[in-house]
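S.K.: Below is a structure I'd like to ask you about.
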């Protein structure tokens, strides 16, 4: 059998199937299997840390062919390695195979299986397996229940998860901080913060002291739900209980404050970190740089950027892009380009967001040609433009009167639909607005017709753009006809549509019609 295993891998290597074959050096390492009569126990003891998936499957095959059969303990060691590779369905199938062969599970194997059911989004199977475990005489422990409850959380079955916690307590199994932390973290990551807080209170009632990991999970969850005030209160309660926050705890709240426009609070938290001798990391600095940029304080953002380097925290592409974005928003595109070049000199390549930010920046200062050069540079470097890149570039070209170039870019997008950059409704709206803005109504109507042929979901924004274009071109009668047809299309005019139409009527001297439409707008409750 061992020789057959060895020969199998040698054949794979000879055939050039390097993806499935073991490396030659690894093959030589495995030759001791033959010399030592395939001592799988030695392999289990020494070789699992570097085992690849295909190797693990081959080892399992070898083990089931061995006589006498290995113990369930040995099999479980291997199954645990496969589970760590996130091959949960494979573990479940291999366990079924063992049962068919008459190899009985132990509690550790049952817990491993329970976890695999849950991680592969099959909590209903995990729940029924719990009953099977108990029939086999295994008493579920805290590991069993932690896996099962976590599985219910991952499957958004919150009532069952909470019920399982109560059932566990009734069975005399005392929850510990690890179990609560695992479940609370899962709840927070899936947006069930209220359930997490309820569980947190329950834990306190059982006299279990929370740790920094649990607090950080809750702070993160609250911040992600927009409840930064509650997160801040939780942080204060944490410090009062002499539980020291870590950099991840502070980062969650600093980032939340920045996004809420509470930059002074974010700065105060940063200063508090320093006072507590908690070293900021790149995420901390990047959040603060974003905050300075949002406040228009780009010089302070740059100072923070260089302070980061002096602290041994070297900026990555995200940090550079944040600073570039700040300068672009302040229309200091030359400074933004200097930062971009500095980033390149340090061996960092801008990503799609970096280039899109620069394209938008040059568009806003009326430099469409430079924006297009940046786009060309992006493509030549192999950085893939996404739909937002194209939309930003189209807006830049149209806004600056480069309609022909915009149409060329649009046609390029249509050709590259298979690359995942097909025009979306926003692309069409940008182009339609640009064409109408530049007096190209006929071309706009052709593009609009293309949208209809593609059976796109045309909404009120698109119709309003066309109505505005018609009014601008003096085609008010056409605009009125299109406006009146909206109800039959299932589209309701908004205040912008009404205002556009009323203004168009006034410009044509149709004051009575404009007043009638104004009254209708009021009657329809549009404001």
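Each Cβ is built from the backbone N, Cα and C atoms, and glycine gets one as well.
Annotation source Swiss-Prot lists transit peptide at 1-35, citing sequence analysis. Swiss-Prot lists 36-70 with the feature repeat 'PPR 1'. What Swiss-Prot lists as repeat 'PPR 2' is 71-105. According to Swiss-Prot, the repeat 'PPR 3' annotation covers 106-140. The annotation repeat 'PPR 4' is assigned in Swiss-Prot to 141-175. Feature annotation from Swiss-Prot assigns repeat 'PPR 5' to 176-210. What Swiss-Prot records for 211-245 is repeat 'PPR 6'. Annotated repeat 'PPR 7' per Swiss-Prot: 246-280, in sequence order. As annotated by Swiss-Prot, repeat 'PPR 9' applies to 316-350. The repeat 'PPR 10' annotation in Swiss-Prot covers 351-385. For 386-420, the entry in Swiss-Prot reads repeat 'PPR 11'. Look at Swiss-Prot and you will find 424-458 tagged as repeat 'PPR 12'. As annotated by Swiss-Prot, repeat 'PPR 13' applies to 459-493.
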S.K.: When secondary structure is assigned with DSSP, how many helix, strand and coil residues does the repeat 'PPR 4' (141-175) contain?
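M.R.: Split by secondary structure, the repeat 'PPR 4' (141-175) comes out as 26 helix, 0 strand, 9 coil.
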S.K.: Going along the chain, which residues at least six beyond the ends of the repeat 'PPR 6' (211-245) come within the CB cut-off of under 8 Å?
M.R.: 177, 180-181, 184-185, 187-189, 191, 193, 196-197, 200, 252-253, 255-257, 260, 262, 265, 276, 278
S.K.: Within the repeat 'PPR 13' (459-493) only, compute the mean pLDDT.
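M.R.: Summarising the repeat 'PPR 13' (459-493) by its mean pLDDT gives 93.
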S.K.: Taking residues 6+ outside the repeat 'PPR 12' (424-458), which of them lie with a CB under 8 Å of any CB in it?
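M.R.: Apart from its flanks, the repeat 'PPR 12' (424-458) reaches 387, 390-391, 394-395, 397-399, 401, 403, 406-407, 410, 413, 465-466, 468-470, 472-473, 475, 489, 491.
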S.K.: Which sequence positions outside the repeat 'PPR 5' (176-210), separated from its termini by at least 6 residues, show Cβ-Cβ distances below 8 Å to it?
M.R.: 142, 145-146, 149-150, 153-154, 156, 158, 161-162, 165, 169, 217-218, 220-222, 224-225, 227, 243
S.K.: So how many of the residues in the repeat 'PPR 6' (211-245) end up helix, strand or coil by DSSP?
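M.R.: Helix (H, G, I), strand (E, B), coil: 26 helix, 0 strand, 9 coil.
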S.K.: Looking only at residues six or more beyond either end of the repeat 'PPR 2' (71-105), which have a C-beta under 8 A from one in the stretch?
M.R.: 40-41, 44, 48, 51, 53, 56-57, 59-60, 63-64, 112-113, 115-117, 119-120, 136, 138
S.K.: Which numbers of helix, strand and coil residues does DSSP report for the repeat 'PPR 2' (71-105)?
M.R.: 26 helix, 0 strand, 9 coil
